[in-house]
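> So TrEMBL lists the following for this protein:
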type	residues	note
REGION	1-230	region 'Pyrophosphorylase'
DOMAIN	6-221	domain 'Nucleotidyl transferase'
BINDING	K23, Q73, 78-79, 101-103, G140, E155, N170, N228, R333, K351, Y366, N377	UDP-N-acetyl-alpha-D-glucosamine binding site
BINDING	D103, N228	Mg(2+) binding site
REGION	231-251	region 'Linker'
REGION	252-456	region 'N-acetyltransferase'
ACT_SITE	H363	active site, proton acceptor
BINDING	A380, N386, Y387, S405, A423, R440	acetyl-CoA binding site
Amino acid sequence: MKETAVVIMAAGKGKRMKSDLPKVLHNLAGKPILNYVLDTINHFEVKRKIIIVGYKSEKIRELIGDKIEYAEQKEQLGTAHAVLQTKELLSDFKGNVLILSGDVPFLTVKILKRLLKYHQSNNFCCTLISAILKNPQGYGRIIRDKEGKMEGIIEEVDLPVDKKLITEINTGIYCFDKEKLFQALEKIVPENKQGEYYLTDLVKILLKEGLEVGSIIAKDNSEILGINTQLDLANASKKVYQRMIQKLMFQGVSIIDPNSTFIEPGVKIGQDTIIYPFTIIEKGTKIGKSCLIGPYSHLIDANIGNGVKIWASIIEGSTVKERVNIGPYAHLRPETIVKKGAKIGNFVELKKTILGEGSKASHLTYLGDAVIGKQVNIGAGTITCNYNGQKKNKTVIEEGVFIGSNNSLVAPVKLGKGSYTGAGSTITEDVPPDSLAIARSKQRNIKGWSKRRKRT
């Protein structure tokens with residue numbers, strides 16, 4: 001068995017996406033399109049891995065790093081010109097070259113093995129994957145003679161009217177003998193409307209030289225469909241979400257409306273948890289058993305315990321222990337920990353805060369850079385004033401503290417165990433345990449003031 005090198009085409013802008021971002025970097029259900037292709041080849045035994053970059057190549061290099069070889073196409077002069085940029089890198093390589101598109105996310109190891117096996121067992125110089133589509137618009141067509149032998153490939157932009165009804169398309173996935181590949185690449189002439197060097201022209205060149213070109217037809221068209229437009233991207237994302245939702249439902253998770261729920265691959269959810277509509281759960285999130293999530297909730301890299309209720313809230317980079325109630329309209333920002341049985345209510349924001357077991361912040365509160373003990377009550381309208389313009393300061397609230405409504409806790413400050421604060425207080429000094437702190441001006445009533453005001 002010959003060795004195999006993989007070349008991934010990722011140099012183009014993707015004009016039909018109508019975006020400044022390289023097409024292969026667009027997000028598909030939680031990760032860039034290109035990463036799906038890389039994940040596939042990482043499970044496929046190959047000797048060399050090369051990615052061809054061009055448009056905004058620095059962004060692709062930043063994403064992938066140095067775990068792959070790079071060839072750069074400085075001018076986008078066509079797919080054949082792109083592959084030619086790998087010639088020097090592959091100068092000492094002997095074997096098969098597998099050419100893939102970086103925008104075909106659902107390609108499987110199974111079909112690649114099938115392609116390689118068919119290519120080698122028949123000793124072809126080139127083997128490609130084709131597919132039969134009901135609507136082949138946007139794809140180059142496979143041209144065959146009356147006996148079914150391949151004559152060539154014509155890109156859709158150059159397709160004559162009498163060939164437009166052909167439904168067998170070229171997927172852009174090839175396996176070449178390395179020596180034959182680069183010999184044929186030198187012979188391509190850009191005789192097309194785009195004035196580009198097409199990789200598809202290699203088929204005609206090889207056939208004219210009397211060499212054999214083979215093809216296999218994809219059994220599952222979803223494996224080979226590329227992403228060319230924002231609509232394609234949305235449809236592909238929907239497919240990923242549907243697969244994930246089906247998997248979770250078979251594991252005992254209740255999802256009220258799969259069509260309005262978006263769960264990325266890699267999310268883990270325990271049985272008997274119910275996910276309500278318009279909920280987004282992103283990768284890195286783990287949810288325990290018997291939880292109620294949503295509607296209108298967004299969880300990002302969150303760790304949620306058993307029996308938690310989250311209603312119309314955002315949780316990011318936070319840990320929520322068992323039997324916690326959150327929402328509606330709460331926001332837990334990164335590095336927040338909410339302990340067992342705590343409650344976070346309407347319009348409450350926590351940032352880098354530990355909320356102790358059984359503690360409550362039920363309304364209109366901001367707690368940042370705070371450590372809060374057990375059974376603490378945070379009154380409505382309370383805020384920690386944690387930033388002094390230069391650095392963030394810490395607030396410590398010990399077990400059993402009662403914070404009155406509309407308090408400002410000016411950090412750094414510590415409220416001792418069992419202490420109370422009066423409503424409307426601005427706390428600037430530490431409060432001893434079991435003390436009452438009141439920090440507000442004394443009320444003054446001016447009799448007859450309103451009547452006198454009306455006379456003037």
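Backbone N, Cα and C atoms are what each Cβ position is placed from, and that goes for glycine too.
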> So the record assigns A380, N386, Y387, S405, A423, R440 to acetyl-CoA. If I measure every Cα pair among those residues, what is the longest distance in angstrom, as a whole number?
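Max span of the acetyl-CoA binding residues, Cα based, is 22 Å.
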> For N377 (UDP-N-acetyl-alpha-D-glucosamine binding site) and Y387 (acetyl-CoA binding site), what Cα-Cα distance in Å is obtained after rounding to a whole number?
23
> Pick out which of the binding-site residues N228, N377, N386, S405 has the most other Cβ atoms within 10 Å of its own Cβ.
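The largest 10 Å Cβ neighbour count belongs to N386.
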> Just counting, how many other CB atoms are there within 10 A of the CB of K351 (UDP-N-acetyl-alpha-D-glucosamine binding site)?
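Total other Cβ atoms inside 10 Å, all chains included: 19.
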> Write out the long-range same-chain contacts of D103 (UDP-N-acetyl-alpha-D-glucosamine binding site), meaning residues 6 or more apart in sequence whose Cβ is under 8 Å from its Cβ.
G14, K23, V24, I33, L34, G226, I227, N228
> Can you check which residues sit near E155 (UDP-N-acetyl-alpha-D-glucosamine binding site), meaning Cβ under 8 Å from its Cβ, same chain, 6 or more apart in sequence, and list them in order?
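Listed in sequence order: G140, N192, Q194, Y198, T200.
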> If you count, for each of the binding-site residues A380, A423, the other Cβ atoms lying within 10 Å of its Cβ, which residue has the minimum?
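Relative to the other binding-site residues in A380, A423, A423 has the fewest Cβ atoms within 10 Å.
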> Counting other CB atoms within 10 A of each CB, which of the binding-site residues S101, Y387 comes out lowest?
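Ranked by other Cβ atoms within 10 Å, the binding-site residues S101, Y387 bottom out at Y387.
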> Look up K23 (UDP-N-acetyl-alpha-D-glucosamine binding site) in the DSSP assignment and report helix, strand or coil.
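K23 (UDP-N-acetyl-alpha-D-glucosamine binding site) sits in a helix per DSSP.
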> Please classify the secondary structure at Y387 (acetyl-CoA binding site) using three-state DSSP.
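The three-state answer is strand.
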> Mind checking which of K23, H363, R440 has the fewest other CB atoms within 10 A of its CB? They're the recorded positions.
R440
> Measure from the CA atom of G78 (UDP-N-acetyl-alpha-D-glucosamine binding site) to the CA atom of A380 (acetyl-CoA binding site) and give the result in Å, rounded to a whole number.
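If we compare the Cα positions of A380 (acetyl-CoA binding site) and G78 (UDP-N-acetyl-alpha-D-glucosamine binding site), the gap is 63 Å.
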